[in-house]
Amino acid sequence: MGRVAGIDEAGRGPMLGPMVVAIVVCPEEKVPLLRNMGVRDSKALSPRRRLLLSRAIPSVGCSVKVRVVEPQEIDCAVRGECYENLNHLEAAVFAQLINEVLSEGELEVVYMDSPDPVPSRFEERVRALLKGQVRIVAENGADEKYTIVGAASIVAKETRDEIINALKKTYGDFGSGYPSDPRTLRFAEEWVRKHGEPPPIARKEWATWKRLR
């Protein structure tokens, strides 16, 4: 049996902070160990359990790679300057991580959580950027269906949480960073009122920031 991989992102929708993409690569025979450990979609886990699992995933013989996508790069994609759109940016990051794994050896299959409601379209974007051959399974909700994608979602979410906690030490408690969070909105309003513009960690192309300017 060969190596299999799962890839997922965390933080696509917030108005503050980066998006994090993680890929977890395991020998196929190790995937049941992840399942037995309780690995599943990060959204179904408590913060404490997610932290413990993120540390345990490498201990069973799986490797992890992470890419942090900063707000400036996200804004550039949303404007259609660096990429066609945010999905195109995400496909490029997925492909970058898969190519890194392929450079280290053969990979049987990569399972990915598609941000595009048409997964085949997202798969084609990723495949066009690959430098080697690998079977791709792209599905909506893959983090709930495939243990290996659940592992990637855990690593991505935990990595992003660590970054957000560090940012809060600099900027203060801005809540979850999502536009639906009253604490985040209050932070945004107070920051713009005081500084006249969004903070450096803002995704300035988000509608909420445009409304506040």
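Glycine residues also receive a Cβ, built from the backbone N, Cα and C atoms like all the rest.
Counting every protein chain shown, the Cβ of D8 (divalent metal cation binding site) has 29 other Cβ atoms within 10 Å. The divalent metal cation binding site feature in Swiss-Prot is assigned to D8, E9, D113; the stated evidence is sequence analysis.
The domain 'RNase H type-2' annotation in Swiss-Prot covers 2-213 and is backed by sequence analysis.
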Here are the binding-site residues: E9, D113. Which has the lowest count of other Cβ atoms within 10 Å?
E9
